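Enquirer: Heads up, here are the entries from Swiss-Prot:
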- HIS516: active site (ACT_SITE)
- GLU518: active site (ACT_SITE)
- SER14, LYS187, THR188, LYS189, PRO190, THR191, GLN192, LYS223: UTP binding site (BINDING)
- GLY352, LEU380, GLY381, MET382, GLN383, GLU403, ARG471: L-glutamine binding site (BINDING)
- 291-543: domain 'Glutamine amidotransferase type-1' (DOMAIN)
- 1-266: region 'Amidoligase domain' (REGION)
Amino acid sequence: MTKNYIFITGGVVSSLGKGIAAASLGAILKARNLNITIIKLDPYINVDPGTISPIQHGEVFVTEDGAETDLDLGHYERFIHTKMTFLNNFTTGGVYSQVLKKERRGDYLGATIQVIPHITNAIKERIILCSENSNIILVEIGGTVGDIESLPFLEAIRQMAVDIGRKNVIYIHLTLVPYIATAGEIKTKPTQHSVKQLLSIGIQPDILICRSEKTVPLHERKKIALFCNVPVDAVISLKDVNSIYKIPKLLKNQKLDDYICNYFKLNVPEADLQEWEEVIYAEKNFNNTIVIGIIGKYIKLPDAYKSVMEALKHAGFKNKIKVDIQLIDSQEVENKNFQILKNLNGILIPGGFGDRGIVGKLLSIQYARENHIPYFGICLGMQIAIIEFAQNVVGIKEANSTEFDPQCKYPIIDLIKNRPNNSSKNYNKIENRINLGGTMRLGSQPCKLSANSLSRKLYNQEIIIERHRHRYEVNNLLFKKIEAAGLQVTGRSQKNNVVEIIELSNHPWFLACQFHPEFTSTPRDGHPLFIDFIKSAGKHKKNFI
(Lines of atoms letter the chains of each structure in order from A and count residues from 1; the text may use other names and numbers.)
(Lines give C-alpha, C1' and ligand atoms only; values in the text may rest on other atoms or scores of the structure.)
Protein backbone atom coordinates (compact mmCIF):
# COMPACT_ATOMS: atom_id res chain seq x y z
CA MET A 1 0.00 0.00 0.00
CA THR A 2 1.48 3.34 -1.10
CA LYS A 3 1.71 5.80 1.74
CA ASN A 4 1.33 9.51 1.14
CA TYR A 5 2.25 12.11 3.73
CA ILE A 6 0.79 15.58 4.20
CA PHE A 7 2.83 17.79 6.53
CA ILE A 8 1.08 20.86 7.95
CA THR A 9 3.13 23.73 9.34
CA GLY A 10 2.11 27.14 10.67
CA GLY A 11 3.51 30.59 10.11
CA VAL A 12 3.37 34.23 11.24
CA VAL A 13 1.56 33.58 14.56
CA SER A 14 0.42 30.63 16.65
CA SER A 15 -3.17 29.55 17.36
CA LEU A 16 -4.24 29.79 13.72
CA GLY A 17 -6.13 26.52 13.89
CA LYS A 18 -3.77 23.99 12.31
CA GLY A 19 -5.51 21.24 14.28
CA ILE A 20 -8.95 22.15 12.95
CA ALA A 21 -7.56 22.52 9.42
CA ALA A 22 -5.87 19.10 9.64
CA ALA A 23 -9.00 17.47 11.07
CA SER A 24 -11.23 19.09 8.42
CA LEU A 25 -8.95 18.04 5.57
CA GLY A 26 -8.82 14.56 7.08
CA ALA A 27 -12.63 14.47 7.17
CA ILE A 28 -12.87 15.30 3.45
CA LEU A 29 -10.26 12.73 2.46
CA LYS A 30 -11.93 10.14 4.72
CA ALA A 31 -15.19 10.85 2.87
CA ARG A 32 -13.36 9.86 -0.32
CA ASN A 33 -12.86 6.35 1.11
CA LEU A 34 -9.22 6.93 1.97
CA ASN A 35 -7.69 5.40 5.09
CA ILE A 36 -6.60 8.37 7.19
CA THR A 37 -4.63 8.99 10.34
CA ILE A 38 -3.39 12.26 11.83
CA ILE A 39 -0.28 12.81 13.96
CA LYS A 40 0.47 15.83 16.14
CA LEU A 41 4.12 16.72 16.81
CA ASP A 42 4.55 19.08 19.75
CA PRO A 43 7.86 20.95 20.10
CA TYR A 44 7.84 21.47 23.86
CA ILE A 45 10.26 19.63 26.17
CA ASN A 46 7.57 18.01 28.34
CA VAL A 47 7.36 14.26 27.73
CA ASP A 48 3.60 14.65 27.30
CA PRO A 49 1.03 17.33 28.21
CA GLY A 50 -0.20 15.38 31.24
CA THR A 51 1.57 17.61 33.76
CA ILE A 52 1.14 20.94 31.95
CA SER A 53 -1.30 23.43 33.48
CA PRO A 54 -4.58 23.55 31.52
CA ILE A 55 -4.38 27.35 31.71
CA GLN A 56 -1.19 27.19 29.63
CA HIS A 57 -1.94 24.31 27.30
CA GLY A 58 -5.66 23.59 27.33
CA GLU A 59 -7.24 20.26 28.12
CA VAL A 60 -5.42 16.95 28.14
CA PHE A 61 -7.19 14.60 25.75
CA VAL A 62 -7.06 10.96 26.87
CA THR A 63 -7.03 8.21 24.24
CA GLU A 64 -8.48 4.73 24.58
CA ASP A 65 -5.06 3.27 25.34
CA GLY A 66 -4.46 5.80 28.12
CA ALA A 67 -2.18 8.33 26.45
CA GLU A 68 -2.35 11.90 27.75
CA THR A 69 -2.27 13.94 24.57
CA ASP A 70 -2.80 17.34 22.98
CA LEU A 71 -6.39 18.59 22.69
CA ASP A 72 -6.07 18.54 18.88
CA LEU A 73 -6.40 14.75 19.03
CA GLY A 74 -9.93 15.34 20.26
CA HIS A 75 -10.64 17.26 17.07
CA TYR A 76 -9.08 14.46 15.03
CA GLU A 77 -11.31 11.82 16.61
CA ARG A 78 -14.45 13.92 16.30
CA PHE A 79 -13.81 14.74 12.65
CA ILE A 80 -12.46 11.54 11.08
CA HIS A 81 -14.22 8.70 12.98
CA THR A 82 -10.85 7.20 13.94
CA LYS A 83 -9.59 6.43 17.43
CA MET A 84 -6.23 7.93 18.25
CA THR A 85 -3.50 6.14 20.24
CA PHE A 86 -0.28 7.09 22.02
CA LEU A 87 1.42 6.94 18.61
CA ASN A 88 -0.59 9.90 17.29
CA ASN A 89 1.05 12.49 19.54
CA PHE A 90 4.63 12.92 20.62
CA THR A 91 6.80 15.76 21.85
CA THR A 92 10.39 16.92 21.73
CA GLY A 93 10.72 15.77 25.33
CA GLY A 94 9.35 12.33 24.47
CA VAL A 95 11.76 11.94 21.55
CA TYR A 96 14.79 13.04 23.58
CA SER A 97 13.75 10.74 26.43
CA GLN A 98 13.58 7.79 24.03
CA VAL A 99 16.96 8.60 22.46
CA LEU A 100 18.66 9.10 25.83
CA LYS A 101 17.35 5.77 27.12
CA LYS A 102 18.85 4.07 24.07
CA GLU A 103 22.13 5.87 24.65
CA ARG A 104 22.25 4.68 28.28
CA ARG A 105 21.63 1.11 27.14
CA GLY A 106 24.47 1.38 24.64
CA ASP A 107 22.21 0.94 21.62
CA TYR A 108 24.20 3.50 19.63
CA LEU A 109 27.45 1.57 20.08
CA GLY A 110 29.46 4.50 21.38
CA ALA A 111 28.37 7.05 18.76
CA THR A 112 28.23 10.73 19.60
CA ILE A 113 24.52 11.49 19.94
CA GLN A 114 23.43 14.50 17.89
CA VAL A 115 20.23 16.18 16.73
CA ILE A 116 21.08 15.00 13.22
CA PRO A 117 20.84 12.07 12.69
CA HIS A 118 19.72 10.59 16.02
CA ILE A 119 16.87 12.92 17.02
CA THR A 120 15.61 13.39 13.46
CA ASN A 121 15.76 9.63 12.84
CA ALA A 122 13.74 9.00 16.00
CA ILE A 123 11.11 11.49 14.81
CA LYS A 124 10.89 9.82 11.40
CA GLU A 125 10.64 6.37 13.00
CA ARG A 126 7.70 7.49 15.17
CA ILE A 127 5.90 8.97 12.16
CA ILE A 128 6.39 5.81 10.11
CA LEU A 129 5.33 3.57 13.02
CA CYS A 130 2.02 5.44 13.33
CA SER A 131 1.37 5.20 9.59
CA GLU A 132 1.38 1.40 9.30
CA ASN A 133 -2.36 0.99 8.68
CA SER A 134 -3.07 4.16 6.69
CA ASN A 135 -2.50 5.33 3.14
CA ILE A 136 -2.87 9.06 3.88
CA ILE A 137 -0.96 10.36 6.90
CA LEU A 138 -1.51 13.97 7.95
CA VAL A 139 1.18 15.31 10.26
CA GLU A 140 0.63 18.58 12.11
CA ILE A 141 3.76 20.26 13.43
CA GLY A 142 2.98 22.40 16.47
CA GLY A 143 4.33 25.88 16.96
CA THR A 144 5.33 28.42 14.35
CA VAL A 145 8.01 28.26 11.66
CA GLY A 146 10.97 30.18 13.07
CA ASP A 147 10.64 28.82 16.60
CA ILE A 148 13.90 27.21 17.70
CA GLU A 149 11.99 24.32 19.31
CA SER A 150 10.45 23.26 15.97
CA LEU A 151 13.70 22.93 14.02
CA PRO A 152 14.32 19.18 14.62
CA PHE A 153 10.76 18.37 13.48
CA LEU A 154 11.05 20.55 10.37
CA GLU A 155 14.39 18.97 9.49
CA ALA A 156 12.88 15.50 9.94
CA ILE A 157 9.94 16.20 7.62
CA ARG A 158 12.33 17.73 5.08
CA GLN A 159 14.34 14.51 5.13
CA MET A 160 11.22 12.38 4.71
CA ALA A 161 10.62 13.80 1.24
CA VAL A 162 14.12 12.62 0.33
CA ASP A 163 13.64 9.22 1.98
CA ILE A 164 10.24 8.27 0.52
CA GLY A 165 10.14 10.41 -2.62
CA ARG A 166 8.93 13.95 -3.19
CA LYS A 167 5.91 12.66 -5.13
CA ASN A 168 4.62 11.05 -1.93
CA VAL A 169 4.85 14.19 0.19
CA ILE A 170 2.80 17.39 0.31
CA TYR A 171 3.78 20.35 2.45
CA ILE A 172 0.89 22.59 3.53
CA HIS A 173 1.70 25.90 5.19
CA LEU A 174 -1.07 27.57 7.20
CA THR A 175 -0.43 31.26 7.54
CA LEU A 176 -2.08 34.50 8.61
CA VAL A 177 -3.16 37.05 6.02
CA PRO A 178 -4.17 40.02 8.17
CA TYR A 179 -6.93 42.42 7.20
CA ILE A 180 -6.09 46.02 8.09
CA ALA A 181 -9.45 47.63 8.74
CA THR A 182 -8.18 51.23 8.65
CA ALA A 183 -6.71 50.67 5.18
CA GLY A 184 -9.44 48.30 4.02
CA GLU A 185 -6.74 45.97 2.69
CA ILE A 186 -5.50 42.42 3.08
CA LYS A 187 -1.74 42.22 3.58
CA THR A 188 0.23 39.34 2.06
CA LYS A 189 3.73 40.34 3.18
CA PRO A 190 3.70 38.30 6.44
CA THR A 191 2.85 35.18 4.42
CA GLN A 192 5.66 35.88 1.96
CA HIS A 193 8.18 36.22 4.78
CA SER A 194 6.91 33.08 6.50
CA VAL A 195 7.33 31.06 3.30
CA LYS A 196 10.79 32.56 2.86
CA GLN A 197 11.71 31.32 6.34
CA LEU A 198 10.37 27.86 5.50
CA LEU A 199 12.42 27.84 2.30
CA SER A 200 15.55 28.63 4.31
CA ILE A 201 15.00 25.33 6.13
CA GLY A 202 14.74 23.50 2.82
CA ILE A 203 10.96 23.11 2.54
CA GLN A 204 9.00 24.48 -0.41
CA PRO A 205 5.30 24.49 0.49
CA ASP A 206 2.99 22.93 -2.08
CA ILE A 207 -0.22 24.42 -0.67
CA LEU A 208 -0.87 27.60 1.28
CA ILE A 209 -3.92 27.92 3.52
CA CYS A 210 -4.47 31.59 4.27
CA ARG A 211 -6.31 32.41 7.50
CA SER A 212 -7.99 35.78 7.37
CA GLU A 213 -10.85 37.75 8.83
CA LYS A 214 -12.33 37.98 5.33
CA THR A 215 -12.17 35.91 2.15
CA VAL A 216 -8.85 36.45 0.39
CA PRO A 217 -9.81 37.71 -3.10
CA LEU A 218 -8.48 36.12 -6.28
CA HIS A 219 -6.08 38.95 -7.14
CA GLU A 220 -4.45 38.65 -3.71
CA ARG A 221 -4.24 34.87 -4.03
CA LYS A 222 -2.53 35.32 -7.41
CA LYS A 223 -0.05 37.66 -5.76
CA ILE A 224 0.65 35.14 -3.00
CA ALA A 225 1.03 32.36 -5.58
CA LEU A 226 3.54 34.39 -7.59
CA PHE A 227 5.76 35.39 -4.68
CA CYS A 228 5.55 32.04 -2.87
CA ASN A 229 6.07 29.84 -5.93
CA VAL A 230 2.85 27.81 -5.73
CA PRO A 231 -0.04 27.44 -8.23
CA VAL A 232 -2.93 29.81 -7.62
CA ASP A 233 -5.24 26.78 -7.21
CA ALA A 234 -3.10 25.80 -4.24
CA VAL A 235 -3.69 29.08 -2.40
CA ILE A 236 -6.71 28.39 -0.20
CA SER A 237 -8.67 31.12 1.57
CA LEU A 238 -9.82 30.14 5.06
CA LYS A 239 -11.91 32.98 6.43
CA ASP A 240 -13.20 33.23 9.98
CA VAL A 241 -16.45 31.31 10.49
CA ASN A 242 -18.78 30.95 13.45
CA SER A 243 -18.50 27.15 13.61
CA ILE A 244 -15.58 24.79 13.19
CA TYR A 245 -17.96 22.28 11.59
CA LYS A 246 -18.23 24.51 8.51
CA ILE A 247 -14.52 24.16 7.72
CA PRO A 248 -14.70 20.82 5.81
CA LYS A 249 -17.24 22.28 3.37
CA LEU A 250 -15.23 25.51 3.07
CA LEU A 251 -12.12 23.55 2.06
CA LYS A 252 -14.11 21.25 -0.21
CA ASN A 253 -15.67 24.19 -2.06
CA GLN A 254 -12.16 25.33 -2.99
CA LYS A 255 -11.32 21.81 -4.25
CA LEU A 256 -8.43 21.28 -1.87
CA ASP A 257 -9.13 17.54 -1.79
CA ASP A 258 -9.14 17.38 -5.61
CA TYR A 259 -5.78 19.11 -5.73
CA ILE A 260 -4.31 16.64 -3.23
CA CYS A 261 -5.77 13.56 -4.94
CA ASN A 262 -4.46 14.74 -8.32
CA TYR A 263 -1.03 15.37 -6.83
CA PHE A 264 -0.87 11.86 -5.37
CA LYS A 265 -2.53 10.40 -8.51
CA LEU A 266 -5.34 8.85 -6.47
CA ASN A 267 -8.40 7.58 -8.32
CA VAL A 268 -11.02 7.77 -5.58
CA PRO A 269 -14.72 8.73 -5.47
CA GLU A 270 -15.92 12.25 -4.72
CA ALA A 271 -16.38 13.19 -1.09
CA ASP A 272 -19.92 12.95 0.28
CA LEU A 273 -20.20 15.58 3.00
CA GLN A 274 -23.87 14.93 3.76
CA GLU A 275 -23.13 14.20 7.41
CA TRP A 276 -21.48 17.61 7.78
CA GLU A 277 -24.45 19.25 6.06
CA GLU A 278 -26.65 17.63 8.70
CA VAL A 279 -24.42 18.86 11.52
CA ILE A 280 -24.47 22.42 10.17
CA TYR A 281 -28.27 22.23 9.77
CA ALA A 282 -28.69 20.99 13.34
CA GLU A 283 -26.44 23.76 14.61
CA LYS A 284 -28.60 26.44 12.97
CA ASN A 285 -32.06 24.99 13.61
CA PHE A 286 -33.19 24.79 17.22
CA ASN A 287 -36.43 25.18 19.13
CA ASN A 288 -35.09 26.35 22.46
CA THR A 289 -32.07 28.02 24.08
CA ILE A 290 -30.73 27.03 27.48
CA VAL A 291 -27.89 28.21 29.69
CA ILE A 292 -25.41 25.68 31.09
CA GLY A 293 -22.86 26.77 33.66
CA ILE A 294 -19.46 25.08 33.74
CA ILE A 295 -18.07 25.69 37.22
CA GLY A 296 -14.29 25.41 37.04
CA LYS A 297 -10.92 26.82 38.01
CA TYR A 298 -9.26 27.04 34.57
CA ILE A 299 -11.81 29.31 32.88
CA LYS A 300 -9.20 31.89 31.81
CA LEU A 301 -8.50 29.54 28.90
CA PRO A 302 -11.73 28.02 27.51
CA ASP A 303 -9.66 25.37 25.70
CA ALA A 304 -9.13 23.82 29.15
CA TYR A 305 -12.69 22.48 28.78
CA LYS A 306 -12.72 22.02 24.99
CA SER A 307 -14.16 18.48 24.83
CA VAL A 308 -16.78 19.23 27.49
CA MET A 309 -17.94 22.32 25.63
CA GLU A 310 -18.08 20.46 22.32
CA ALA A 311 -20.01 17.57 23.92
CA LEU A 312 -22.59 20.04 25.28
CA LYS A 313 -23.01 21.48 21.78
CA HIS A 314 -23.36 17.99 20.27
CA ALA A 315 -26.06 17.17 22.80
CA GLY A 316 -27.80 20.39 21.82
CA PHE A 317 -27.80 19.28 18.18
CA LYS A 318 -29.57 16.04 19.12
CA ASN A 319 -32.20 17.88 21.19
CA LYS A 320 -32.70 20.83 18.80
CA ILE A 321 -31.57 23.08 21.64
CA LYS A 322 -29.02 25.86 21.43
CA VAL A 323 -26.65 25.58 24.38
CA ASP A 324 -25.34 28.85 25.76
CA ILE A 325 -22.27 27.93 27.82
CA GLN A 326 -21.20 30.14 30.71
CA LEU A 327 -17.76 29.55 32.20
CA ILE A 328 -17.92 30.44 35.90
CA ASP A 329 -14.90 30.69 38.17
CA SER A 330 -15.70 28.52 41.18
CA GLN A 331 -13.96 31.01 43.46
CA GLU A 332 -16.65 33.56 42.60
CA VAL A 333 -19.21 31.28 44.25
CA GLU A 334 -17.21 30.82 47.46
CA ASN A 335 -18.85 33.76 49.24
CA LYS A 336 -22.28 32.24 48.52
CA ASN A 337 -22.65 34.43 45.46
CA PHE A 338 -25.56 32.37 44.15
CA GLN A 339 -26.79 35.23 41.96
CA ILE A 340 -24.45 34.06 39.17
CA LEU A 341 -26.12 30.62 39.28
CA LYS A 342 -29.73 31.78 39.18
CA ASN A 343 -30.14 31.96 35.40
CA LEU A 344 -28.63 28.51 34.80
CA ASN A 345 -30.74 25.64 33.46
CA GLY A 346 -28.03 23.13 34.24
CA ILE A 347 -24.77 22.97 36.19
CA LEU A 348 -21.73 20.93 35.14
CA ILE A 349 -18.54 20.51 37.13
CA PRO A 350 -15.75 18.93 35.05
CA GLY A 351 -12.48 17.29 36.03
CA GLY A 352 -9.70 19.16 37.79
CA PHE A 353 -6.96 18.96 40.39
CA GLY A 354 -6.08 20.66 43.65
CA ASP A 355 -8.07 22.40 46.36
CA ARG A 356 -8.34 25.89 44.87
CA GLY A 357 -11.98 26.70 44.22
CA ILE A 358 -13.33 23.54 45.85
CA VAL A 359 -15.55 25.44 48.29
CA GLY A 360 -17.26 27.20 45.38
CA LYS A 361 -17.84 23.89 43.64
CA LEU A 362 -19.34 22.35 46.78
CA LEU A 363 -21.69 25.32 47.12
CA SER A 364 -22.66 25.06 43.44
CA ILE A 365 -23.56 21.39 43.87
CA GLN A 366 -25.57 22.15 47.00
CA TYR A 367 -27.41 24.88 45.09
CA ALA A 368 -28.20 22.50 42.21
CA ARG A 369 -29.33 19.74 44.56
CA GLU A 370 -31.55 21.92 46.73
CA ASN A 371 -33.05 23.91 43.85
CA HIS A 372 -33.66 20.89 41.59
CA ILE A 373 -31.37 22.16 38.84
CA PRO A 374 -29.96 19.40 36.59
CA TYR A 375 -26.45 18.57 37.74
CA PHE A 376 -23.77 16.68 35.81
CA GLY A 377 -20.45 15.91 37.52
CA ILE A 378 -17.41 14.55 35.72
CA CYS A 379 -14.39 13.03 37.50
CA LEU A 380 -13.68 15.59 40.24
CA GLY A 381 -17.29 16.69 39.78
CA MET A 382 -18.41 13.27 41.00
CA GLN A 383 -16.02 13.17 43.93
CA ILE A 384 -17.07 16.52 45.35
CA ALA A 385 -20.75 15.71 44.75
CA ILE A 386 -20.25 12.80 47.14
CA ILE A 387 -18.45 15.05 49.64
CA GLU A 388 -21.26 17.63 49.47
CA PHE A 389 -23.92 14.97 50.03
CA ALA A 390 -21.98 13.45 52.93
CA GLN A 391 -21.50 16.81 54.63
CA ASN A 392 -24.91 18.40 54.10
CA VAL A 393 -27.35 15.47 53.85
CA VAL A 394 -25.77 12.68 55.89
CA GLY A 395 -24.26 15.14 58.36
CA ILE A 396 -20.66 13.91 58.21
CA LYS A 397 -18.97 17.31 58.38
CA GLU A 398 -15.51 15.73 58.41
CA ALA A 399 -16.07 14.03 55.03
CA ASN A 400 -13.46 15.14 52.52
CA SER A 401 -10.83 14.01 50.03
CA THR A 402 -7.24 13.36 51.01
CA GLU A 403 -6.34 15.42 47.95
CA PHE A 404 -7.65 18.53 49.74
CA ASP A 405 -6.98 17.48 53.35
CA PRO A 406 -4.46 14.62 53.75
CA GLN A 407 -5.32 14.32 57.46
CA CYS A 408 -9.13 14.42 57.15
CA LYS A 409 -11.00 12.18 59.60
CA TYR A 410 -13.49 10.82 57.05
CA PRO A 411 -11.60 10.31 53.75
CA ILE A 412 -14.55 9.41 51.54
CA ILE A 413 -12.28 10.14 48.56
CA ASP A 414 -8.78 8.68 48.78
CA LEU A 415 -5.78 7.77 46.65
CA ILE A 416 -6.17 4.80 44.36
CA LYS A 417 -4.42 1.95 46.13
CA ASN A 418 -1.65 -0.15 44.64
CA ARG A 419 -0.98 2.18 41.72
CA PRO A 420 2.59 2.83 40.49
CA ASN A 421 4.42 5.45 42.54
CA ASN A 422 1.47 6.55 44.66
CA SER A 423 0.80 3.87 47.27
CA SER A 424 2.63 5.84 49.98
CA LYS A 425 0.47 7.33 52.72
CA ASN A 426 2.58 10.47 52.45
CA TYR A 427 2.14 10.78 48.71
CA ASN A 428 0.66 14.26 49.04
CA LYS A 429 3.95 15.55 50.41
CA ILE A 430 5.88 16.82 47.41
CA GLU A 431 9.22 15.46 48.61
CA ASN A 432 7.82 11.90 48.59
CA ARG A 433 6.49 12.01 45.03
CA ILE A 434 8.41 10.04 42.44
CA ASN A 435 6.50 10.87 39.26
CA LEU A 436 3.25 12.70 38.63
CA GLY A 437 3.24 12.13 34.88
CA GLY A 438 1.64 8.92 33.62
CA THR A 439 0.83 7.54 37.09
CA MET A 440 -2.95 7.91 37.12
CA ARG A 441 -5.71 5.48 36.18
CA LEU A 442 -5.78 6.21 32.48
CA GLY A 443 -7.64 5.10 29.37
CA SER A 444 -10.66 2.94 28.67
CA GLN A 445 -12.06 0.79 31.48
CA PRO A 446 -15.21 -1.39 31.55
CA CYS A 447 -18.05 -0.43 33.87
CA LYS A 448 -21.13 -2.45 34.87
CA LEU A 449 -24.40 -0.53 35.17
CA SER A 450 -27.16 -1.30 37.66
CA ALA A 451 -30.52 -2.50 36.40
CA ASN A 452 -33.34 0.07 36.44
CA SER A 453 -30.91 2.98 36.78
CA LEU A 454 -30.99 6.13 34.66
CA SER A 455 -27.53 5.41 33.31
CA ARG A 456 -28.56 1.88 32.27
CA LYS A 457 -31.58 3.34 30.48
CA LEU A 458 -29.48 5.94 28.67
CA TYR A 459 -26.73 3.58 27.54
CA ASN A 460 -29.22 0.76 26.88
CA GLN A 461 -26.59 -1.83 27.78
CA GLU A 462 -25.16 -3.41 30.92
CA ILE A 463 -21.43 -3.05 30.23
CA ILE A 464 -19.98 0.21 28.98
CA ILE A 465 -16.41 1.27 28.25
CA GLU A 466 -15.34 4.83 29.04
CA ARG A 467 -12.06 6.72 29.38
CA HIS A 468 -10.54 7.70 32.71
CA ARG A 469 -7.96 10.09 34.11
CA HIS A 470 -7.83 10.20 37.89
CA ARG A 471 -5.58 9.50 40.86
CA TYR A 472 -8.27 9.48 43.56
CA GLU A 473 -11.34 7.26 43.96
CA VAL A 474 -14.30 6.69 46.26
CA ASN A 475 -13.40 4.92 49.49
CA ASN A 476 -15.79 1.94 49.43
CA LEU A 477 -15.22 1.24 53.13
CA LEU A 478 -16.81 4.56 54.08
CA PHE A 479 -19.44 4.86 51.37
CA LYS A 480 -22.16 2.54 52.72
CA LYS A 481 -23.50 5.14 55.14
CA ILE A 482 -23.78 7.68 52.34
CA GLU A 483 -25.45 5.21 50.00
CA ALA A 484 -27.98 4.35 52.69
CA ALA A 485 -28.99 8.02 52.77
CA GLY A 486 -30.08 7.93 49.13
CA LEU A 487 -27.05 8.56 46.93
CA GLN A 488 -27.06 5.51 44.67
CA VAL A 489 -24.08 3.87 43.03
CA THR A 490 -25.33 2.80 39.60
CA GLY A 491 -22.03 1.98 37.93
CA ARG A 492 -18.94 0.14 39.15
CA SER A 493 -15.78 -0.96 37.39
CA GLN A 494 -15.65 -4.65 36.60
CA LYS A 495 -12.07 -5.10 37.73
CA ASN A 496 -11.64 -3.22 41.01
CA ASN A 497 -15.21 -2.38 42.06
CA VAL A 498 -14.43 1.33 41.71
CA VAL A 499 -17.45 3.63 42.00
CA GLU A 500 -18.00 4.94 38.47
CA ILE A 501 -21.50 6.50 38.45
CA ILE A 502 -23.70 7.97 41.15
CA GLU A 503 -27.33 9.11 40.87
CA LEU A 504 -29.76 10.92 43.15
CA SER A 505 -33.23 9.46 42.60
CA ASN A 506 -35.27 12.21 44.30
CA HIS A 507 -33.96 14.87 41.94
CA PRO A 508 -34.99 15.76 38.35
CA TRP A 509 -31.50 14.97 37.02
CA PHE A 510 -28.50 14.47 39.27
CA LEU A 511 -25.81 12.20 37.84
CA ALA A 512 -22.04 12.15 38.14
CA CYS A 513 -19.38 9.84 36.76
CA GLN A 514 -15.73 9.14 37.51
CA PHE A 515 -14.88 8.76 33.83
CA HIS A 516 -14.76 11.37 31.04
CA PRO A 517 -17.68 10.87 28.62
CA GLU A 518 -16.80 14.08 26.77
CA PHE A 519 -13.89 12.32 25.06
CA THR A 520 -16.18 10.03 23.05
CA SER A 521 -18.86 12.53 22.02
CA THR A 522 -19.06 13.41 18.32
CA PRO A 523 -21.06 16.06 16.42
CA ARG A 524 -22.93 13.29 14.59
CA ASP A 525 -23.90 11.08 17.53
CA GLY A 526 -23.34 13.03 20.73
CA HIS A 527 -23.08 11.06 23.99
CA PRO A 528 -26.06 9.55 25.88
CA LEU A 529 -25.24 11.23 29.21
CA PHE A 530 -24.77 14.66 27.69
CA ILE A 531 -27.84 14.29 25.49
CA ASP A 532 -30.11 13.49 28.43
CA PHE A 533 -28.52 16.19 30.59
CA ILE A 534 -29.35 18.82 27.96
CA LYS A 535 -32.83 17.36 27.53
CA SER A 536 -33.41 17.68 31.27
CA ALA A 537 -32.02 21.23 31.27
CA GLY A 538 -34.52 22.08 28.53
CA LYS A 539 -37.36 20.77 30.72
CA HIS A 540 -36.03 22.77 33.65
CA LYS A 541 -36.25 25.97 31.61
CA LYS A 542 -39.87 25.27 30.67
CA ASN A 543 -40.79 24.53 34.28
CA PHE A 544 -38.92 27.60 35.49
CA ILE A 545 -40.77 29.84 33.03
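The backbone N, Cα and C atoms fix where each Cβ goes, and this holds for glycine too.
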Enquirer: Round to the nearest Å and give the CA-to-CA distance linking GLU403 (L-glutamine binding site) with LYS189 (UTP binding site).
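Expert: Cα-Cα distance, GLU403 (L-glutamine binding site) to LYS189 (UTP binding site): 52 Å.
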Enquirer: Of the recorded positions GLY352, MET382, GLU518, which one sits closest to THR188 (UTP binding site) when you measure Cα to Cα?
Expert: GLU518
Enquirer: Counting other Cβ atoms within 10 Å of each Cβ, which of the binding-site residues SER14, THR191, GLN383 scores lowest?
Expert: SER14
Enquirer: Express the distance between the Cα positions of ARG471 (L-glutamine binding site) and LYS223 (UTP binding site) as a whole number of Å.
Expert: 55
Enquirer: Would you find the one among the binding-site residues PRO190, GLY352, GLY381 whose Cβ has the most company, meaning other Cβ atoms within 10 Å?
Expert: GLY381
Enquirer: Among the recorded positions listed here (SER14, LYS189, GLN192, GLU518), which has the Cα closest to the Cα of GLY352 (L-glutamine binding site)?
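Expert: Among SER14, LYS189, GLN192, GLU518, GLU518.
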Enquirer: Rounded to the nearest angstrom, how far is the Cα of GLN383 (L-glutamine binding site) from the Cα of GLN192 (UTP binding site)?
Expert: 52
Enquirer: Using C-alpha atoms only, work out the spacing between HIS516 (active site) and LEU380 (L-glutamine binding site) and round it to an integer in Å.
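Expert: Between the Cα atoms of HIS516 (active site) and LEU380 (L-glutamine binding site), the distance comes to 10 Å.
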Enquirer: Which of these binding-site residues is closest to GLN383 (L-glutamine binding site) if you go by CA atoms: LYS189, THR191, LYS223?
Expert: THR191
Enquirer: If you measure from the Cα of LEU380 (L-glutamine binding site), which of the recorded positions LYS189, THR191, GLU518 is the nearest?
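Expert: Minimum Cα distance from LEU380 (L-glutamine binding site) across LYS189, THR191, GLU518 lands on GLU518.
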Enquirer: Just checking, which of LYS187, LYS189, LYS223 (binding-site residues) has the fewest C-beta atoms within 10 Å of its C-beta?
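Expert: Checked LYS187, LYS189, LYS223; of these binding-site residues, fewest Cβ neighbours within 10 Å: LYS189.
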Enquirer: In whole Å, could you give the widest CA to CA gap in the L-glutamine site formed by GLY352, LEU380, GLY381, MET382, GLN383, GLU403, ARG471?
Expert: 14
Enquirer: Say you check the Cα of LYS187 (UTP binding site) against those of the recorded positions GLY381, MET382, GLU518; which is nearest?
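Expert: So, spelling it out, the nearest of the recorded positions is GLU518.
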Enquirer: Give me the Cα-Cα distance between THR191 (UTP binding site) and GLU518 (active site), rounded to a whole Å.
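Expert: So the alpha carbons of THR191 (UTP binding site) and GLU518 (active site) sit roughly 36 Å from each other.
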Enquirer: For the region 'Amidoligase domain' (1-266), provide the mean pLDDT of the predicted model.
Expert: 95
Enquirer: To test your reading of the L-glutamine site: which residues beyond GLY352, LEU380, GLY381, MET382, GLN383, GLU403, ARG471, same chain only, put their Cβ within 8 Å of the Cβ centroid of those residues?
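Expert: Those within range, site residues removed, are GLY351, PHE353, CYS379, ILE384, SER401, ILE413, HIS470, TYR472.
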